[in-house]
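Everything on this sheet refers to the single structure shown next.
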Amino acid sequence: KLAGFTSYQAVLKFLSSNKCAGGFQKVFEHESSELKCKMKFAVYLPPKAETEKCPVMYWLSGLTCTEQNFITKAGSQLAAAEHGIIIVAPDTSPRGCNIEGEDESWDFGTGAGFYVDATQDPWKTNYRMYSYVTEELPKLINANFPTDPDRMSVSGHSMGGHGALICALKNPGKYKAVSAFAPICNPVQCPWGQKAFTGYLGSDRTTWEAYDATVLAASYSGPQLDILIDQGRDDQFLSASQLLPDNLIAVCSEKKIPVVFRLQPGYDHSYFFIYSFMNDHIKHHAKFLNA
């Protein structure tokens, strides 16, 4: 059923479309019921989407990013076209909610939603990125684009790598595959996570554990989840103990969760690193999405 293409304008405001790798890179805006504000997302439609339903990979970006960073810098479109995968890249937080302090720091508030559902004032009304990316956005995408709702996966970078891992671990069977670039693997133990979680979730650290991939992996009992993680060895945030991949790897090997962890010499935390290994990640997702 491809009729959805004609009706999306009622809910979605069309912002841009560029022919790319034989398909189209588009950007839309909509009123989010979860976040109580206008939200933008990017969607890449491979050539295959013109004639049949395709699986979807959700990409979650990192701190300070919008929907634009991934679509202009990651070089994902050629591989997505080749494997027939739709890629959806949402923004990283609510915007313009007029919350006091929302624009005060780069690692909290605007551009830093951390993919959690906030429980604390003044954030709890708008900062519900976890429910947005796992529930509201997929429903919107499935209603308006030629997707196969049973075939979805999730990937991301840094704060978004944390988001991808928790989405997969908290929803056994929902995502066919997961991968991450330089993810924040153990946020309850690192300064970024502690700052964000205190602000969004309050001072009771036990509530933080629901959004920590290392903690979630320790109690994971769902269907087999094959995880691919790339990490630059020269990443300044790795040496600053913000990412803590070793903690997650230790738990995964203990729990026999298959994880391929690749430490890439010479690479940093930037999109140059993501661009260099994007094809491998899309291939990893295609193996499970197109099975």
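Sequential numbering from 1, following the chain as shown.
Using the three backbone atoms N, Cα and C, a Cβ is placed for every residue, glycine included.
Within the same chain, residues at least six positions away from Ser158 (active site, charge relay system) with a Cβ under 8 Å of its Cβ are Gly62, Leu63, Phe181, Ala182, Pro183, Ile184, Phe237, Leu243, His269. Annotated active site, charge relay system per TrEMBL: Ser158 (among others), in sequence order.
According to TrEMBL, the active site, charge relay system annotation covers Asp235 (among others).
Summarising the annotation, TrEMBL assigns active site, charge relay system to His269 (among others).
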List the residues of the same chain that sit at least 6 positions away from Asp235 (active site, charge relay system) in sequence and have their Cβ under 8 Å from its Cβ, in sequence order, or write 'none'.
Ala182, Leu243, Tyr267, Asp268, His269, Phe273
